[in-house]
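Notes to accompany the following structure.
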Amino acid sequence: MEFASLFNFSFRKPYEVLFWICAVLLVQNSKGSSSDSNYLIGLGSYDITGPAADVNMMGYANMEQTAGGVHFRLRARTFIVAEPQGERVVFVNLDACMASQLVTIKVLQRLKERYGDLYTEKNVAISGIHTHAGPGGYLQYIVYIVTSLGFVRQSFNVLVNGIENSIIQAHENLRPGSIFINKGELLDAGVNRSPSAYLNNPAEERQKYDYNVDKEMTLLKFVDLEWGPIGSFNWFATHGTSMSRTNSLISGDNKGAAARFMEDWFEKKCGIASDLDISVEDTIPRRVSNIIPDLFINHHELLELAASFQSPSGRSATRILSSSRRVRGALRNADKPQFVSAFCQSNCGDVSPNVLGAFCIDTGLPCDFNHSTCGGKNELCYGRGPGYPDEFESTRIIGERQFIKAVDLLSNAPEQLKGKVDFRHTYVDFSKLEVTLERGGTTEVVQTCPAAMGYSFAAGTTDGPGAFDFEQGDDKVIMTLIGSYYSMNDSIYGLSPSFFTSMMLIYQGNPFWRIIRNFLKTPKKEQVDCQRPKPILLDTGEMRKPYDWAPSILPIQILRVGQLIILGVPGEFTTMAGRRLRDAVKTVLTDGSKSELNGDVHIVIAGLTNSYSQYVTTFEEYQVQRYEGASTLYGPHTLNAYIQEFKKLAHALIDGQAVGAGPQPPDLLNKQISLLPPVVMDATPRSVKFGDVKSDVPKNSTFNRGDMVTVTFWSACPRNDLMTEGTYALVEVLHDKKLWVPAYDDDDFCLRFKWSRPFKLSSQSYATIEWRIPKTATPGVYRITHFGAAKVLFGSINHFTGSSTAFGVV
């Protein structure tokens, strides 16, 4: 039920909705605390922001998209639920593109060292939100680290450390509490980016649903016995592609933004000012407003005080200074549990946040419906977010929509989770799995294939088109001719790659990519037949040199908390694929003869969990060979394989039977290759110090709320120190005419930290900090401060800081 329907009048502005939700939450805090506390619950959160310079972003596979700053920080957020005398489960939500098998392996090794067998692969799920604006290089299979120049140890380490610390926090926070669940529709945060493929599903199946994407958000509300609500986790399907393929700032995209909005909102949920407008960053009251009163009665007094604080020279600092000045770390009540809010990913495979649709950038007309091209060129077709052409605004709006819906669901979560905590997990080799299909009362045994990527993979999507002459739906190959050639000449496998390449030119596609493909691995006839109708671009599952290019062995997992079932899948299921999987598992779990759940069960898909293997489409969608079908690695029966294996897990869950571990995935850490050059040293011009201001605000200047303030500092490479649980950028406000108080940092949506070099191999660099002054900013005297770390002679790291000239905000 929509929150507004609780009242017999309509709300004119979002802040009015939030005000009334605050009132309800206050009542429900005490109500929730008095509920039966049937579980132990603990939540945790830790910084996982990776290298903000030089490292390729994970998601778009765009070689030119390398990190150069921070939009806002990335976090690992964890919940643990345990029965007091029984089992427990762990769910970690990462502000990262996806989970990594190697990261999961190393986290589990650390947990075993610390806790023994309490937390294992069986009951720990690690899931990614699918932001395309986080540093890459942390997966172990070659195809996923080509654009990052191989493995990036720094990206990998910060994830492993952050996940471990987040779980430790949640473990140490375990206390009696209750969990409530709620669901609701969110209509304007996702559209289907491959509607022609969706339409290939049976009409009678499509008629069961109102929309061609899932619109339902499922939210868990965690209520501590003493403190009341301490967190929420929700699942909703939409891609993390509001930020574009040219963005260079680390960002959690729309889901990371929603989490930041909700955590900040909850902290000050009853301090909403009456002059707020539609912007969510303005509906988050700044904690500093409670510290700093309106000191300045007139403009002259403000200017006079600001003029007395000129920009000092850059100076040495300690690493701890950045952490101690961090806004959220310094001002949080340490005695009360931190409110943790996670916006988790689901079956987002064909769901785009660019809800205005896909248009040609040359003509402004809609793209071709079937192939997402413009005059035959895919690189001209782009999806438009609701803030078009401003990607930051689109990120804010889609994040805001999820945030508002989550607050609505949190305010009225009527159903309490009760019952068992349980789990099942196994590994499956998807490269050669026999799958039994039931069709019209008969059965047929088919098989999955070694991983392979089709031509339309190279075309990209409307969220991020490819750079070469491919198009989605590129399956128009002369398969009959190829088949005839195979049957006439079995010796084709002995032919040279160049000859085979010339034969493959009859495919519709780009010959350059075909040459690359055949130089690496020519697919055999069995593989071509197995993957049909996918024309194979990269036969990744059969490429083993210098080590595995793609996964074969994947984890699948079910977590149960009462009547909630979480299906952990290591990929991106499309809308209809996810629906079929949920329905199949529900049929098993609600078998009245075996299960106490009956019809009372909520099933969510947690996408991109524990490992990553690209997409999973339905059999019918696979035939169309758009991007998602071309990226369904294990052939046309991939979804049926998942359904078959998940049904086995579901049967074991309700029967109380153990499940075999299955074949173990490889640990390829010692085989990783990295070509990313290290930071050699940092430098500044003669007579310039690290932290000196290069471009300052004008002296005696004042700004209005809504204005942009920009300051540039002489800086050093951010790879020297990730400033974990710290900040590169800080906005400070003057208190009592002498004390600088942290107001905003690089985890705030309104503050951007941008880093750059004057040219590629330069040892000199700049840090530009941009602050869009929120409408809720307290009038006063402010300054912008930068924290950094420089690698100097002999490789030592020197931390530094610098501040701008003070300025007024009126």
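Any Cβ shown, glycine's included, is placed from N, Cα and C.
Because TrEMBL annotations are produced automatically, they should be read as predictions rather than curated entries.
According to TrEMBL, the domain 'Neutral/alkaline non-lysosomal ceramidase N-terminal' annotation covers 39-481 (among others).
Spatially close to Glu572 (Zn(2+) binding site) yet at least six residues away along the chain are His130, Asn347, Cys348, Gly349, Gly607, Leu608, Gln614, Tyr615, Val616, Glu628, judged by Cβ distances under 8 angstroms. TrEMBL lists His130, His239, Glu572, Tyr615 with the feature Zn(2+) binding site.
Per TrEMBL, active site, nucleophile is recorded for Ser352. Its own atom aside, the Cβ of Ser352 (active site, nucleophile) has 24 Cβ atoms within 10 angstroms in the protein chains shown.
The annotation domain 'Neutral/alkaline non-lysosomal ceramidase N-terminal' is assigned in TrEMBL to 508-644 (among others). Shown for the domain 'Neutral/alkaline non-lysosomal ceramidase N-terminal' (508-644): DSSP residue counts in helix, strand and coil, namely 52 helix, 29 strand, 56 coil.
Restricting the average to the domain 'Neutral/alkaline non-lysosomal ceramidase C-terminal' (646-809) gives a pLDDT of 95. The domain 'Neutral/alkaline non-lysosomal ceramidase C-terminal' feature in TrEMBL is assigned to 646-809.
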C-beta crowding around His239 (Zn(2+) binding site), within 10 angstroms: 29
Fewest other C-beta atoms within 10 angstroms, as judged across His130, Tyr615, which are the binding-site residues: Tyr615
Separation of alpha carbons, Ser352 (active site, nucleophile) and His239 (Zn(2+) binding site) (Å): 5
